[in-house]
Every structure is written in structure tokens, then in C-alpha cells.
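So the structure is just underneath, and the comments pick up after that.
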């Protein structure tokens, strides 16, 4: 009775879409995930960042129920993935890292099959398959066998398959790998629209590409959760937070830049001569001062950027911390 | 069990899309007709039933069943779809039963396609169609039990050649069990021979083949099917965890 009551309470007031408590996973003698606790609310877009082998995919596999945890619990919408696997899986969409492939089925065949398994039929099935295909711009290749598609398209099919049933929790594993810049923009709009409907967790090594999409960042290194903060907070930890990068055709007067108030240091880009990054001291805004200097000296500037902070650098730094 | 029809339909489509299915069913039918006519003097026997044909079935299944079994988990051959399937809200039992039923239906179609022999038997003389029906049923049950063995082996390995050879080997052992038992008759204790004889599918099959469709012989095949399918489910669940 108390169980039912607490369950009803959880449904009424609990806004947590995903709740992970002290999750541990051993593979052989190696610990892949160590005592990880984490939660996700409704309509959040969480970036799961980390370097290669940090345990991002393992964590997603654990959430999706592909791998059984050695200890701890995972609840999706209040359903434990161990005790109520079917209910938990109904609320879940998962795009696996390598995309989706099959030796005979066409894109439409796979999507129809997935819609069947998700319990749709008739007109609703057709409209859901069409909508998912349209959102990922797969309409052109609907009748093509999946095996003949490029890796990028296979990944799109995998995403279409994952969002077909409008899950409450969407897991994406390296969705931006190898995307061109214009595709990246389209992907951002897609994720923005998806976030309005569901909770999205994106695991990626390329955090900078995702900095404008995610609202929260979880950094994982060596199977431990190193940081779980709103994305701007993580950017603030970067050495390049509020740094200004400028490129000019004529040589710049580095000394004049260095003596500006609030400047912490200057970095020259070895690969692109003429490009200089001016670092700011914490709490200082050096952009106006640099602007004024450029105007007074009349430098011929080709690009001038205020950096939001380099996430890759922060993630790398946190990963180094855990290995020490 | 709600997802059973979906898996069943998918597996049947997969069989229909594979040339191997047509080839093995055709080979089964051709061998069934020609061997039945040429190896036994069926036409001279004038028995009114098709025992001469049906007693070949355990051997012909050695060809058909391994080919169908290699197709069973071919969808899951690509790791990506296998993993996606594992994240979907379906139970392993549903998947196993759905796939097994589809393969069994293909066997059933192959059996039904032997109907010209039945027509010929009826044309040539008075045929006991009731016995023929029971023989067909027995053959179907035998195919089901062989398929469940194939299904079990599919759970152990993903390599098609290994599946084919293991199924073939296991079914071959089952087929030659009676001759092995004959040779063991004076060497082994009688209870060993008796219990092995009770487990021999061929002797069960020939009992029904003679026109005696008893409950305990049919139950023998059905229990074999259930035992192997449950073992398949257990192994797959263990592998996934």
C-alpha cells in the first residue's frame, strides 16, 4: 500500500525523468563506472562530455538496459530498469553510436518495423514514420537499402528510429560525429525542437559543437562524474573564458595588447600566423579595451571574436585530474 | 505476448526475401517426391498410405532445417540492429517464439506443398486420407522439434557455418540414434538402451507414421519444442545481461 502511495506521489510531484543512484559497473576486474549519481528533469538537454574511453557509451548502454549494472539503480519515469524493464524501455529512445544498419531492409522497412514494435498501426504508423523521416530529411532515401547509405545517413536513420514514438527520454551517442557545418546548424534546430518535447542526453567528445544546444553539462572521466553544472558555469572554468581572438594582416603590437587592463596573457596561434588570443583575468571584460585599441591604432583586422570559453579544454583538464 | 505477431511477420518477410528459403524448400520437395518413388517400391506396395514418403522426412529435414535455422537470427547479425532490438520493449521469449513460429510455418508450407503426392495416391487407388493427415501432422511436429534444436544452437553462436554444421550434426545424431542403439544392445545395460530409445525422435515418429497418433508421442515432440525454446530464452537472457 505504501509502495503504491509513494509511487503515486512520485508521479504527481516527481519531475525527475531519469534518476541514477550510486551506479557502478565492473567489466571483469576493471571498474568502468564508479558510484555515479545523476538525475535529469523534463525538457532538459544534457551534454555528457568526456574523452575517449571515459565511459560515456557504457553509461548510455546502462540507462538503455543493454548492459546490466553491477550495483546501484536507474529509474526512468519512476520505473527501475532492472525490475520494470519493459515500461522503462517504452519511455526511451536510443541512437547507438554506429548508426543503424541492416543487410536487406530499406530505410522505410526498418522504420515501419520499429513503429510496429512501438505498437503503432494504420494511419498513425504512417504519419509517425513520415514525420520522423521528414524531421531528419530522410524522405529522399526512404526506399534505399540501409547498407548502401553513408555513415551519416545511417546515423540519421538511427535518430529517426529513436524519436519515432516521441520518447520521454532520448539518448544520443556521438550524433554530430563527422557532420558538416551546415548540417550541424540543422542538427541544432532539430535538437532544440526535440528538447521541447522530451529530455535529451547527448554523449559526445566534441563539446564545443554542442555548447549552444545543451543546457546542462555532465563531464565524465574514468567512469566518475567530474562535473554536473549548467553549461555557462563550465565555460567559466575555461582559461579562454571571455578571451578575445583576433587576426590581422599586418603584424600586431603584442606589447600594447598585453598592457591593457585585465589582460592575463597572450597566446599566438602557431598554425595560423597573425592570429592572437588575448586571455582575460577572471571577472574582467577586455573586449571594449581591445576594440578601442584597434580603433586607435588603425589595425587591419580580419576577424575578432569574443570566446565563450573552450569546453574541450575544461573537459581535458578534468580528465587529467582524475588520472592523477 | 502483444509483440509476437510483429516479430512473426518480420521473420516471415525475412524468409520470403531470402533465395535460400526457396532453394531449400524446392530441394526438399524434389527429393521427397523422387526418393519416395525410386527408393521404395511404393507403387508395388499398394498400401493406401504414404509411409514410404514420410519415413524419408527425418533425413530430408537434415537439409531443410539447418538452412532455415541459419536464417533465424540473421536480422541480429548486424550488431547495430541487435543492440537496438535489445533496447526495445519486447521480451526475449516473444522474440524466440515469434521467430520459431515463422520458421515452423515455412516448414508447414513445404509440407503442404507435397500435396501432389497425396493427389496421386488418391488417383492410383483407395487411399487412407486420415492416416495421411496424421502422417503429415507427425512430420510437422518432427520438423518443429528439429527447428527448436536449431533455434537453440542459434542462441549459442552467430556464425552461420557453425549454426549449420552444429544443427546438422545434432540432427544427424538423432537420426542415427536407433542404429547406434541396435549395435549397443548387448554391451550396455538395458535401462540405458530403454531410456535412450524413449528419447529417440525417429522411433516416436515411426509410431505415428504407422497411423497411431497417440497423445504421448505428440506430447513428446511438443515438450521437446518447449524445452529447447525455453533453453534458448534462458541463454539469450544470460547473454544480454
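Cβ from N, Cα, C; glycine included.
Residues or ranges marked as transmembrane segment in TrEMBL: B:12-38, B:58-75, B:96-124, B:136-156, B:161-181, B:219-238.
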Feature contact check the transmembrane segment (B:58-75) with the transmembrane segment (B:136-156), CB under 8 Å, 3 or more pairs
yes
Would the transmembrane segment (B:12-38) count as touching the transmembrane segment (B:161-181), i.e. at least 3 C-beta pairs under 8 angstroms with sequence separation of 6+?
no
Close approaches to the transmembrane segment (B:96-124) from elsewhere in its chain (Cβ under 8 angstroms; 6 or more beyond its ends):
3-8, 10-12, 14-15, 21, 25, 28-29, 32-33, 36, 43, 48-50, 53, 64-65, 68-69, 71-73, 132, 136, 139-140, 143-144, 147-148, 150-151, 155, 225, 229, 232-233, 236
Tertiary contacts of the transmembrane segment (B:12-38), as residues 6+ beyond its ends and Cβ separation under 8 Å:
50, 52-53, 56-57, 60, 63-64, 67-68, 70-71, 74-75, 102-103, 105-106, 109-110, 113-114, 116-117
